[in-house]
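> Pasting the feature list from TrEMBL:
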| type | residues | note |
| --- | --- | --- |
| TRANSMEM | 6-27 | transmembrane segment |
| TRANSMEM | 34-53 | transmembrane segment |
| TRANSMEM | 65-86 | transmembrane segment |
| TRANSMEM | 163-184 | transmembrane segment |
| TRANSMEM | 190-209 | transmembrane segment |
| TRANSMEM | 221-242 | transmembrane segment |
Amino acid sequence: MNILTITLIGTLVCAFGTTFGAFLIVILKKTNNILMSSIIGIAAGLMLSVVTFDLIPESIETGGLLLAVVGTIIGIAFAIILDYFLSYLNIIKKYGKHLKTALLLALALSAHNFPEGLAIGTGFIKGINFGFKIAIVIAFHDIPEGAAVAAPLLQSSLKRWQILILTALTALPTAIGTYFGAVLGNISNVFVSLCLGFASGTMLYIVVGELIPESKELSKGILSTLSTLLGLLLGLLLVSFFG
């Protein structure tokens with residue numbers, strides 16, 4: 001599979017996930033906590049499953065345990081720094097209008113979509129089935145992100161089609177990441193292993209530090225836990241199907 005095709009797949013995958021998430025919010029016209037809790041929980045389970053049973057094992061197999069650990073630690077460190085930076089931005093957007101809030105959130109999501117694209121591009125270098133597996137999981141993961149961007153935009157004066165377009169634009173960094181992952185992934189197994197570890201660390205931090213707590217906060221009962229477990233099982237099926 002050539003690099004252009006891989007880049008196109010990565011772009012379409014992220015655009016589909018974020019746009020579909022925005023579409024759910026636009027149709028509902030307002031945020032539904034139960035639905036959002038379920039979607040976020042399932043996305044968390046999917047990511048946790050694939051990171052644990054695919055990304056990390058592939059990283060170890062490609063470059064060894066040390067490179068996998070180093071890549072994962074770097075990914076976690078990157079996520080921590082980004083999280084700290086975004087926490088600072090939260091203070092700013094707290095006093096802004098809904099449109100400003102949504103644009104800042106979209107910028108934040110765009111920044112973290114780059115390593116997602118990196119994971120897709122590197123995944124396809126490892127193999128077509130592995131690449132599609134990562135792409136599908138990331139598409140599901142991008143659904144709550146699209147919903148998160150669309151929710152405040154719905155409170156602004158923007159039209160619904162404008163909301164969908166703005167949300168889809170957050171997929172552009174994924175295209176860049178996919179391209180670099182596919183190009184540099186051909187260089188050496190060391191780079192591939194580090195990239196897979198980096199993506200694993202970033203996604204693990206997002207799952208544990210953001211998605212699961214957010215799902216719990218939106219639904220105080222057992223729904224968020226069941227949704228996460230459902231996502232985990234779906235991830236296992238996905239791993240088996242593409243394995």
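Cβ coordinates come from backbone N, Cα and C, glycine included.
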> Counting only residues 6+ away from its ends, which parts of the chain sit with a Cβ under 8 Å from the transmembrane segment (221-242)?
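For the transmembrane segment (221-242), the list is 34, 37-50, 53-54, 129-130, 132-133, 136-137, 140, 212, 215.
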> Any chance you could find the range in 6-27, 34-53, 163-184, 190-209 with the most Cβ pairs under 8 Å to the transmembrane segment (65-86)?
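The stretch with the most contacts is 190-209.
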> Output the single range from 6-27, 34-53, 163-184 maximising the number of Cβ pairs under 8 Å to the transmembrane segment (190-209).
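Per the Cβ under 8 Å count, 34-53.
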> In the same chain, which residue numbers or ranges, 6 or more beyond the ends of the transmembrane segment (34-53), come under 8 angstroms Cβ to Cβ?
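Sequence-distant neighbours of the transmembrane segment (34-53): 21, 24, 28, 133-134, 137, 140-141, 143-144, 147, 200, 203-204, 206-207, 211-212, 214-216, 218-219, 223-236, 238-239.
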